[in-house]
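Heads up, the thing below is written out as structure tokens.
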Amino acid sequence: MKVAVGPDPSLVYRPDVDPEVAKDKGRFRNFTSGPLLDRVFATYKQMHTQQTVDFVRKKHAQFGGFSFKKMTVLEAVDMLDGLVDESDPDVDFPNSFHAFQTAEGIRKAHPDKDWFHLVGLLHDLGKVLVLAGEPQWAVVGDTFPVGCRPQASVVFCDSTFQDNPDLQDPRYSTEFGMYQPHCGLENVLMSWGHDEYMYRMMKFNKFSLPPEAFYVVRFHSFYPWHTGGDYRQLCSEQDLAMLPWVQEFNKFDLYTKSPDLPDVDTLRPYYQGLIDKYCPGVLSW
């Protein structure tokens, strides 16, 4: 059964892969104009109203036992094909192709880093949350820290947070909010979505990937940090050391209606080998 996901704001406004097209900077994540702007704005309005410290903590408790489903990584990849992105009704290839496209882009540029190839395949698998009944605003889109005042590069920052109760709470409405300067992002409560869920799922199932892999999965949608340059006041030295990995990954995490689709059947054995190496068998989701 196909599940209608609605517009994924993290995918709608992305540059095209073609470098000549990408030179037109106006194409990059354009949140000021475009046919889907109203729907994307409505999604972020919901997100920026509902994502509070209390909400995020409840989601950690709700999903922290990883009792939703038992399946392998490639079964989860196949499950993504049950998601229909209503923001892009003309796309006639499966969602899983984006995972393989990202992975293959990384593989081509970094042939010696097999763990990085696997991250390309894994990074969006947390979107299976939609199949667990989660609303789109609690699964996709750019992430941000809760428990402190949102910074300027958070998308629609000036027009979507006015109904968020945390910003009426003096504990959470200052620049640092409930955090200490340079406390480290590992000690920051991020808005709930597919990044945080997948990071925690990987930890729960004891994936044997390097720390950089966990970091990329956890923060790849944290655009206000890795692209906007905000929230540096919360960063530790480790965060700044990891930032180039997240930025490097972001080069390949580009949504495109590319006609050059990967031959998934021929790629599966290679990625199955990586799964067997780093995260084998039936996993808890």
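Placement of Cβ uses the backbone N, Cα and C atoms for every residue, glycine included.
As the structure is a computational prediction, the values presented were derived from the model and not from experiment.
D142 (substrate binding site): 24 other CB atoms within 10 A of its CB, across all protein chains. The substrate binding site annotation in TrEMBL covers R29, D85, E86, S87, K127, G141, D142, H220, S221.
Sequence annotations record features per position, and here TrEMBL assigns phosphoserine to S33.
Feature annotation from TrEMBL assigns Fe cation 1 binding site to H98, H123, D124, D253.
Sequence-distant contacts (6 or more apart, same chain, Cβ under 8 Å) of H194 (Fe cation 2 binding site) comprise D124, L125, G126, K127, L129, V139, V140, S221. Residues or ranges marked as Fe cation 2 binding site in TrEMBL: H194, H220.
When the Cα of D142 (substrate binding site) is compared against those of the binding-site residues H98, H123, H220, D253, the shortest separation belongs to H220. If you measure from the Cα atom of H123 (Fe cation 1 binding site) to that of H220 (Fe cation 2 binding site), you get 8 Å. The binding-site residues considered are D124, D253; of these, D253 has the fewest other C-beta atoms within 10 angstroms of its C-beta. Report note: the Fe cation 1 site is defined by H98, H123, D124, D253, and the residues of the same chain whose CB lies within 8 Å of the CB centroid of those residues, excluding them, are A99, T102, G120, H220.
Neighbour list (H220 (Fe cation 2 binding site), Cβ cut-off 8 Å, at least 6 residues apart, same chain): H123, D195, H226, V246, F249, N250, D253.
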